[in-house]
Amino acid sequence: MGSIEIPNCSGSIVYKTISDFIDFPDHEQKLWWHSTAPMFAEMLRVAGYDLHSQYKILGIFLNHVIPFLGVYPTRINNRWLSILTRYGTPFELSLNCSQSLVRYTYEPINSATGTVKDPFNTHSIWDALDRLMPLQKGIDLEFFKHLKQDLTVDDQDSAYLLENNLVGGQIRTQNKLALDLKGGNFVLKTYIYPALKALATGKSIKTLMFDSVYRLCRQNPSLEAPLRALEEYVDSKGPNSTASPRLLSCDLIDPSKSRVKIYILELNVTLEAMEDLWTMGGRLNDASTLAGLEMLRELWDLIKLPPGMREYPEPFLQLGTIPDEQLPLMANYTLHHDQAMPEPQVYFTTFGLNDGRVADGLVTFFERRGWNHMA
């Protein structure tokens, strides 16, 4: 079994209090709790969540999420490798600084994951949803059921992929969940990766994703205009483009309010490529977009991403190794109901860069705008 060291932030009274009363069902869950909860608790405290919300959020995480994280990762154990991190770990915390909102993402894993019963982890997400749905009002699975059926492999697809040895080193993650924590409540989201479905059907990821969302638009026509605008932009880049659709996400709420996001991976890491993603090749030219473009250029200059062509690396990194690689760029485009154009969001992929240099760049960026609470 693995062992852990409690991080310095373990002084959180909430983490310590909950830990005093836990009767863990197995050692794996104990390791997961003590390696993630101290940082989780500290992030909630720093972000200003009240004490009641902190206890509720950590209680949900302990009882309804940790049981779906699988075996605790070590360098020697056999475990499911998730696309969520370059080390294959299935859990990640994040913080929306401008809104002081904590969120976490995980790929649900159960005992059948990676076995002949569920070789590509298609089914465990349903068990995870069964645990979460009674905890939060307003969860709606209409979009999820539609997209999952179209974009993840079924048992017949799985058998075909295995019999023909088609997967190889292909990343096997197909779906994951995210919780945006708003007070003591949460908004549930899903992310879906169609790469295995593309292998099984012979269709491109782009075709699978856009066709599925177009079918979704039959019942939700208010999403069609931004979808068509995005497809026109993607198609305009041509068949040899370094940018291609990779995954999509949606909110698991009332379909009339749910947003769909389509993610584009860009192998060409340059400021010009990021500017093109941000403006959709000049299609977005309103005042807000242009103001954001100037901020993007400033941040690029501060962080100094090394330019070049970057393939998504294989295989996963060994636990404990220091990364010596750079990832491609990524952008997502949010399809809002009744809006003509999608809303862009670009990612500065700083993985593998010096953390201190990146932090210094962000501090400078925040201070220039008077966002001292974020710096």
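Including glycine, each Cβ sits where the backbone N, Cα and C put it.
Worth saying up front: this structure is predicted, and the values here are computed from it rather than measured.
Quick look at what Swiss-Prot annotates:
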type    : residues                                                       : note
BINDING : Ile83, Leu84, Glu92, Tyr193, Arg246                            : L-tryptophan binding site
BINDING : Arg103, Lys189, Tyr191, Arg259, Lys261, Tyr263, Gln345, Tyr347 : substrate binding site
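Considering only the binding-site residues Ile83, Leu84, Tyr193, Arg246, no residue lies within 10 A of Arg103 (substrate binding site) on a C-alpha to C-alpha basis. Ranked by Cα separation from Tyr263 (substrate binding site), the binding-site residues Ile83, Tyr193, Arg246 are led by Arg246. Using a 10 Å radius centred on the Cβ of Tyr193 (L-tryptophan binding site) and all shown protein chains, the other Cβ atoms total 22. When Cβ atoms from all protein chains are considered, those within 10 Å of Glu92 (L-tryptophan binding site) total 16, not counting its own.
Proximity to Tyr193 (L-tryptophan binding site), judged by a C-alpha distance within 10 Å, picks out none of the binding-site residues Arg259, Lys261, Gln345, Tyr347. Cβ neighbours within 10 Å of Tyr263 (substrate binding site), excluding its own Cβ and spanning all shown chains: 18. A gap of 23 Å separates the Cα atoms of Arg259 (substrate binding site) and Ile83 (L-tryptophan binding site). Closest by Cα distance to Leu84 (L-tryptophan binding site), from the binding-site residues Lys189, Tyr191, Lys261, Gln345, Tyr347, is Tyr191. Taking the C-alpha positions, the distance from Tyr191 (substrate binding site) to Arg246 (L-tryptophan binding site) comes to 11 Å. There are 18 other Cβ atoms within 10 Å of the Cβ belonging to Leu84 (L-tryptophan binding site).
Geometry remark: Tyr347 (substrate binding site) versus Arg246 (L-tryptophan binding site), CA distance 14 Å. Secondary structure at Ile83 (L-tryptophan binding site), taken from DSSP and collapsed to helix, strand or coil, is coil.
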